[in-house]
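Chemist: Pasting the relevant annotations from TrEMBL:
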{"type": "SIGNAL", "residues": "A:1-31", "note": "signal peptide"}
{"type": "TRANSMEM", "residues": "A:55-78", "note": "transmembrane segment"}
{"type": "TRANSMEM", "residues": "A:98-115", "note": "transmembrane segment"}
{"type": "TRANSMEM", "residues": "A:121-140", "note": "transmembrane segment"}
{"type": "TRANSMEM", "residues": "A:152-170", "note": "transmembrane segment"}
{"type": "TRANSMEM", "residues": "A:182-202", "note": "transmembrane segment"}
Amino acid sequence: MNIFRLAGDMTHLASVLVLLLKIHTIKSCAGISLKTQELYALVFATRYLDIFTDFISLYNTTMKLIFLGSSFSIVWYIRNHKIVSRSYDKSQDTFRHYFLIIPCLLLALLVNEKFTFKEVMWAFSIYLEAVAILPQLVLLQRTRNIDNLTGQYVFLLGAYRALYILNWIYRYFTETHYVHWITWVSGLVQTLLYADFFYYYFESWKNNKKLQLPA
Amino acid sequence: LKVVDGHDEL
């Protein structure tokens, strides 16, 4: 565990906390894409199939449980909570899940570390995580007034990915035989998807203006 | 429970 990896995980955790804060305290999910949240739940469910069979560390198991629990409860809140669900605008959140799920599944069947159920599911989860933010980014573009918490949520998610890249660079130079093409390429694609958002996020921050993405 | 060094990232 290096400082970049820890900072990445903590940023990821912070993004989830910001979203839970918005949902729990403000009782609103306005501007949040249910599609993206459902994809994340699927990402964690398929990636952490090893949670009860393989042990890495207490830290690892705890974080897995947190990400599984939080992602499924966020989906539950948006879909079923009496007050929160009212702020969900279905007509704006139109991205189709299967446009992302099916290509990722096919790619996972072709490109994986080993052709076993667990490894194919793991590769699928890596590919799906890379593109799971797309429905959220599309929704942001359609939202005229992006509130601060939503902006911070997406910013923290992007920052988590950028820190993971630093972690890989660090591990590549400090560990022997540390080469992971699947995670590297997907992680790079995932981080690049945030580039446009980052640009406007920093612009709005610099000029002290409300965040708005050009349509 | 077995200790693995495969996918140690989250």
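Positions of Cβ are set from backbone N, Cα and C atoms, glycine also.
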Chemist: Give residue numbers and ranges for long-range contacts of the transmembrane segment (A:98-115): same chain, 6 or more residues beyond its ends, CB-CB under 8 A.
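Modeler: For the transmembrane segment (A:98-115), the list is 39, 42, 121-124, 127-128, 131-132, 134, 182.
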Chemist: Quickly jot the same-chain residues contacting the transmembrane segment (A:152-170) by Cβ under 8 Å, restricted to those at least six beyond its ends, or write none.
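Modeler: That would be 2, 4-5, 7-9, 11-12, 14-15, 18-19, 22, 32, 133, 136-137, 140, 180, 183-184, 187-188, 190-191, 194, 197-198, 201.
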